[in-house]
């Protein structure tokens, strides 16, 4: 079952990559982002296929079952995001020609990848709970952290245009916030998968609480600064969409600049809410005294 699913994932992502790459749309941020995400999914699937073919998974110190479940959940959501964002921010702007047909076909194969990764996740959830699972994947902290990193990943293509922020140092700091919090989220998941949290000098719950508080404070700053400098005329912003030249006609084949600014503002607010939920969860753990004891190195 696993070999069949990964072969299907590999073939569908490879076809989607070839179709997206043939469209010569490297100047469109969301199209480039979709191409990179699909390449990442294909590469990760190929690596796992090689590892399991050579039975190398038994040499790893971390939980292989947790890793496979995390991989399947993440890549299913990544492909789902590409299946939604790619057609809505790029395909719909294309004229009716063979390029549009290839882009629609790429979306279809990406959706096939989504279904195959989701099927793998459901299949792994049905495995007996042996030593291959630590219980972290599927828990509320993991789901919140996964949502945080996914939303941050969606923000990335919209801030890939330097024109949006290079004129204001405070807007550059917002981009730094998105990048830093994304990296911290990925590192936290990896620490949990590898069971390295027991090596920390403080309790696991306190470590998560501090990270969540830091992320909330950083995102509050970004939520204030980004709309202020993007939409307030006093700070050089553009409050009305109709005044954006790129939004006044359909000659462009991508989302206009003002819509990109708005998308980042909305996604920032969404991610802040997720970080607040994460902060409340860990604050509750610490307050009721259920935090883990510091591990010994």
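Our numbering is plain: 1 for the first residue shown, then up by one each step along the chain.
Including glycine, each Cβ sits where the backbone N, Cα and C put it.
Just so you know, TrEMBL annotations are computer predictions that nobody has curated.
Here's what TrEMBL has on this protein:
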- 1-129: domain 'MARVEL' (DOMAIN)
- 32-55: transmembrane segment (TRANSMEM)
- 67-86: transmembrane segment (TRANSMEM)
- 106-126: transmembrane segment (TRANSMEM)
- 133-158: transmembrane segment (TRANSMEM)
- 136-287: domain 'MARVEL' (DOMAIN)
- 170-194: transmembrane segment (TRANSMEM)
- 206-229: transmembrane segment (TRANSMEM)
- 262-283: transmembrane segment (TRANSMEM)
Top partner of the transmembrane segment (106-126) among 32-55, 67-86, 170-194, 206-229, 262-283 - counted as Cβ pairs under 8 Å: 67-86
Chain residues in Cβ proximity to the transmembrane segment (32-55) (below 8 Å; excluding those fewer than six residues from its ends, i.e. six or more beyond): 2-3, 6-7, 9-10, 13-14, 16-17, 20-21, 25-26, 68, 71, 75, 78-79, 81-82, 85-86, 90, 110, 113, 117, 153, 156-157, 160
Secondary structure tally of the domain 'MARVEL' (1-129) (DSSP, helix then strand then coil): 106 helix, 0 strand, 23 coil
Contact ranking winner - 133-158, 170-194, 262-283 against the transmembrane segment (206-229), Cβ under 8 Å: 262-283
Segment confidence, the domain 'MARVEL' (1-129), expressed as mean pLDDT: 90
